[in-house]
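First the structure, in the form of structure tokens, and then the observations on it.
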Amino acid sequence: MKIVTYNVNGLRQRISQFGSLSKLLNSFDADIICIQETKLRRQELTADLAIADGYESFFSCTRTSDKGRTGYSGVATFCRVKSAFSSVEAALPIAAEEGFTGLLGCSRKDEAAASVAEGLEEFSREELLKVDSEGRCIITDHGHFVLFNLYGPRAESDDADRIQFKFNFLKILQKRWESLLRRGRRIFVLGDLNIAPCAIDRCDAGPDFEKNEFRTWFRSMLVESGGHFFDVFRAKNPNRREAFTCWPSNTGAEQFNYGTRIDHILCAGSCLHEEHDVDGHNLVTCHVEECNILTEYKRWKPGNAPRWKGGWNIKLEGSDHAPVYTSLVEIPDVSRHSTPSLAARYLPMIHGLQTLVSVFKRRQAAKQVQSHLVSSSFSDENIMVGGCSHSVNRSITNCNVPGTYTSCCSLDEDCEHTIPQVDEQSEDLTEEVACNTSIAFNREYVSSMPNKETKKRARKSQQLSLRSFFQKIPNQDNTVDSSTTDTSTNQPGVVDSNDQSQEAPVMDYLGSSPKQNDTKLCASSQGQEAQDGNCYLEKERNNVALVEWQRIQQLMQNSIPLCKGHREPCVSRVVKKPGPTFGHRFYVCARAEGPSSNPEANCGYFRWASVKSRPK
């Protein structure tokens, strides 16, 4: 069995990168895939984001309305199975739970009746709901072990609220683990915990690095410190350095592999052998074959990575994390079971709600729409309705689409007619039915139009040429209505303005004199001169603006300092973190962040700008 954990930094983006959800999942060739930071709200889950052939999926999305937390975090577990409804595969869970407090329930239906998980009775319901409100955990029970898919919270050193939230999160999580271990259950923990346990796991670890309170908690969970959990990667690669899984995306640090290892696979509990009490028997030594980082998913490829240059012109495809995997051996089958009710396939927005009544309603609605359109049909040609060209002969498809809940068709607000109410199952019909309905209700208007020539003139009469705006409008008493008379420019007495269109006002060839024609020609020439003058002034203004912008760019270029290490132009940054320096602009070296021993990496140059930039 192969298990993978991957912080995707947006599930939509990764699906777009690979082309489809199936291609993304198949690229791992794994049995269980734990994904973090999906950045999806529950109402945004659709089949293309949650359903893939051969996989069952389980999602937890953020439920909080706090500023900056909506559409954030989120985890999903995908399990590859041959049969979803009757299987003995250990990859298909026998039970699933959203969150780890028990209050979100083991299925979508029993959330209201959910009770606090065993071992968490000392915490208030409010505390438990708060740590489970950000969609950071999915638990799947695979019979032989319980798997936690986790996305640990991040807490800045000066953010007291998030520090307290992270403390509560880890404390309650630890209690849940201890309760399961007391019952003899085996536990696997996979995910981005946002904690690098030791100095070897961080590129720039200082002397006080391991004194961090969250790092201290992490190490207390490990067997080396008397805890229950193995750090599977370190157990298989004890002395490996520069084994990082995450790199800051705003400094180009991935170019020099200057990152941190915060994506983990932990395990605790006895092995599956009957003689598990023998010394040396545990999950790692008996069942973990290997554990490694999937470096091929890194965005920067060795050898052909372009220079960072501040990052403005570098577009990297992929997450700022790399996946981590482990291969397990000797994992037997479990008793026959089916997919738990928490699976995404049972979500209403994906599976849909279908009853016998809704089926008959959809069929009746489809018949009503078809009969209405047939009775209102015309010849297969484009006609003008309300100033728009519509095609009368339109095909109606997908009339019966189960599992959708959108309006079938609607009329414009200014339409006085109505059609029978249609069931909300045919979203694809919206545009076509509305269009055909508008055509049917305007049949009398269309039939009143004399012929095609009249329609052409009506269509052209709505268009105006640029020259017509500079011509003097002739006396209405001496002109002929161009909408009713087909006047050509080669008739006697009509002035040829060298304009091929008929939009310009035409001259009255019955009552106009040569003197009048000369006056109008003069006005036309004056209008042309005015137009030419305006064009000249516009070009002059554009030239002045271009010269000024070039001067500003040159001035800005000359004011940018050079870094001390490479004598290269710096890049400017603005402080966005709240505090006394918020909004201030500064300059830093443009190269990618890397170790100080590498002369090609960022030299560390920093300088405040002379003026404070305007906060955005």
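Placed from the backbone N, Cα and C atoms, the Cβ positions cover glycine too.
Bear in mind that TrEMBL entries carry predicted annotations, made automatically and left uncurated.
Listed in TrEMBL for this protein:
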{"type": "BINDING", "residues": "Asn7, Glu37, Asp192, Asn194, Asp320, His321", "note": "Mg(2+) binding site"}
{"type": "ACT_SITE", "residues": "Tyr151", "note": "active site"}
{"type": "SITE", "residues": "Asn194", "note": "site 'Transition state stabilizer'"}
{"type": "SITE", "residues": "Asp263", "note": "site 'Important for catalytic activity'"}
{"type": "ACT_SITE", "residues": "His321", "note": "active site, proton acceptor"}
{"type": "SITE", "residues": "His321", "note": "site 'Interaction with DNA substrate'"}
{"type": "REGION", "residues": "471-520", "note": "region 'Disordered'"}
{"type": "COMPBIAS", "residues": "475-491", "note": "compositional bias 'Low complexity'"}
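Remark: Asp192 (Mg(2+) binding site) has Thr5, Asn7, Gln36, Glu37, Leu150, Tyr151, Gly152, Cys246, Ile262, Asp263, His321 as non-local neighbours, by Cβ distance under 8 Å and separation of at least 6 in sequence. Note: Asp320 (Mg(2+) binding site) has non-local neighbours Asn7, Asn9, Cys246, Trp247, Pro248, Ser249, Glu254, Arg299, i.e. same-chain residues 6+ apart with C-beta under 8 A of its own C-beta. Neighbour density at the Cβ, taken as the number of other Cβ atoms within 10 Å, is lowest among the binding-site residues Asn7, Asn194 for Asn194. Around the Cβ of Asp263 (site 'Important for catalytic activity'), the number of neighbouring Cβ atoms within 10 Å comes to 24. Residue density at the residue listed as 'active site': 25 other Cβ atoms are found within 10 A of its Cβ, drawing on all protein chains shown.
For His321 (Mg(2+) binding site), other Cβ atoms within 10 Å of its Cβ number 26. Around the Cβ of Glu37 (Mg(2+) binding site), the number of neighbouring Cβ atoms within 10 Å comes to 24.
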